[in-house]
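Scroll down for the structure; my scribbles are underneath it.
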Amino acid sequence: MADGTELRIHGVAGSAPQSVLFADPVPVTADASGVGVYAPFPDTVPGVHRQAYVWGNLTSGGRWRAFWLLLLPFALSNIAFFMTPRCAPPAKERGHALRRAVEVGHRWFALALTCTMITATAAASMDVVAWQSVRTTEVSAFPPVRWLTTAASGDPALRLALASLLPLVVLAALWRVAHLTWVKLDRYCPDGTDWQRTPPDPDLPLLAHPGMWNGGDPVGRMRSLHVAIGFAVIAILMAAPFTARPLFAALWVAELAVLVVTVALAALPQVARRYGAGGAPGWVGRLELACRLVRDVAVAGYALAFAALVVARPYAPPEGALPGSHALQTWLFLAQVILLVAIAVPTYALSRISAAPGDAGLRYGRAMGGMAAPVTLLLAWMLTKGFAIGLAFTVAEIVGRPSYPGGAGRDAIVLPAAHWWAAPAGLATLLVAAVVAGWLLRVRSAAAKEPRRGERVSESVRGAWATAELTDRCGTVLTALALVPVLAIATVGVTTVTAAKPWEGWVIALSVAVLICLTAGLLLLGWQAYSNTALRRTVGVLWDISTFWPRATHPLAPPCYAERVIPELVTHVRGLLQDGGGRVVISGHSQGSVIAAALVLQVDPEVRTRTRLLTHGSPLCRLYARYFPAYFGAGMIEAVRQALRDPARPAEATWRNLYRRTDPIGGAILAGDNDVDLCLRDPERDGEPVRGHGDYYVDAAYTRVLTGWITP
């Protein structure tokens, strides 16, 4: 029997089992999708039973996952939630109210993002095509648009009903995909067993909380609310032109009430609270029923509005923009600005009072002064608004001529004034990105030429060091990009107050072209990745990082693979330890090291002293502790060290972290000399190629650490 098990967990880009094991793989617990545990055949290392957990197909395997790129803003809103700092004792009570306020703001902002996407598609099809294009002389060459602009040309009600099918299809697709992934991942339970045995404890690190990877119920509740608000928005726009009739006035009021109730339910902390298995109080079931009821009422309201438009055929002259469309978009814009401010202010306060004494012991400090969350929300909002504005101008160009409110002309398609003022943000983003890229090249070039005191290395090694150090500039890059939506907000605000006339000409044309190209580029990238496995794995890297986090605020975002990975690994490691197979060395590379650290805190306390943690190329501190201090800060790092501590061998190092200065992703965990970090020379000998982020498994230091824990 082996003296121990080495369990390898790979990093990003969907590694194949043979590339992790360096041998032909034999499935141990793998499923049909290829996700699971593999062992090498033959297992030739004496005394060591090597295994690999392969999870890459959860993010890059299916072809349809390539189109998750379009859901990037939703994913960013989830990431932002986990970036928010939290207060540790003794400041915990002082920051509790602030934290609650921030969490409500995040949930409301996620709802607003859903509204923005649905409103954008509804405005394009219902307002621009179905309502306004009837006045133009243009005939679109695009068949669906041509059909919709000519169908029932004298019947605005029927045309509006048909146009509402586009946002309906978008919302239904989001709902369906979210439900399927929810069943497969959020509600995943290995072999139907109760994998969680850690009792709830408020003093536990957040990653050790029994509800951390048990998001099935809250994600289901919030999905109902997002679907409800989507249907409510569509139905409100359908009823708005005909509110002179009692039936449509009642529908309009009813769907507005649904919208208000949805926002109120989203404010309740319990709607998103995660409980451990069997730990939810009985009344939570009634809350779930309420969320479903609101959703069903919204769906029924849409169905009734559709039927009423088709059967009753009310008439209203299609003059100007669709009644209610511009007002809805303006109020939505204003609400998002208010929410961004309402989130940023308490987040700043939390960042000031949440610093822990142990933070000084980490190699890297907090990114952006703890303000990464609002910056990320700004970027999510910029992407969503960019899509909305680009879609509006594109469709308006197809069926007529885009015009600002008050503009004239037979073919004029009136778009909201905010669209005209915010459109140049696309061009500004391109310019800022170019400036930032130039700055990064200068920084790298200067660093590569700078002599390192006491170190005689080749130019290629200095270049690799300089490139790797650019990772530490990510905060500056993101902050620079976030300035674009801030300037756009300021511009819209000033021009609205002063009633200035929006600019026209080449600035708008070029800005809209940039927005259209960005949207088309995402679609093209998704389409190419659909048929190209290598490109799909490359795109999957983005999801490997962003979908590690549960869907805490946006249930329509791409799913969290860790909701399956962590329970499955906990069950597997528990089985290895209970079978008397000696120690288990959990070896995590890159993103796999993040999974490994979270895994250690979920393993049963009575057996995890027989586990050891070996991380390599790890972004735990360099990226995760900097951007997610509440979850990967000094408290979590110390909790992992203490969880692995063996009372029988208190002096033994139970966690080793291997890193290289040439690695742009991995880095040290702790500051100064310590028993965790081990810096590897790269290249090992002069003349050899630089390894950077790869090939840690074949490094001699890896073998030394492993054999020190498992005697062959």
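Numbering starts at 1 and runs along the chain as displayed.
The backbone N, Cα and C atoms fix where each Cβ goes, glycine too.
What TrEMBL says about this one:
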type: TRANSMEM; residues: 66-88; note: transmembrane segment
type: TRANSMEM; residues: 108-131; note: transmembrane segment
type: TRANSMEM; residues: 157-178; note: transmembrane segment
type: TRANSMEM; residues: 225-244; note: transmembrane segment
type: TRANSMEM; residues: 250-272; note: transmembrane segment
type: TRANSMEM; residues: 293-316; note: transmembrane segment
type: TRANSMEM; residues: 328-350; note: transmembrane segment
type: TRANSMEM; residues: 371-400; note: transmembrane segment
type: TRANSMEM; residues: 420-443; note: transmembrane segment
type: TRANSMEM; residues: 477-500; note: transmembrane segment
type: TRANSMEM; residues: 506-527; note: transmembrane segment
Any contact, the transmembrane segment (477-500) to the transmembrane segment (225-244), with at least 3 Cβ pairs under 8 A: no
Which of 157-178, 225-244, 250-272, 506-527 contacts the transmembrane segment (328-350) most, counting Cβ pairs under 8 Å: 225-244
Any contact, the transmembrane segment (371-400) to the transmembrane segment (225-244), with at least 3 Cβ pairs under 8 A: no
Selected stretch (most C-beta pairs under 8 A with the transmembrane segment (66-88)) from 108-131, 225-244, 293-316, 420-443: 108-131
Long-range environment of the transmembrane segment (420-443) - Cβ separation under 8 angstroms, sequence gap at least 6: 382, 385-386, 389-390, 393, 404, 466, 470, 473, 477, 480-481, 483-485, 487-488, 491-492, 495, 502-503, 507-508, 510-512, 514-515, 518
Interface present between the transmembrane segment (225-244) and the transmembrane segment (108-131) (three or more C-beta pairs under 8 A): yes
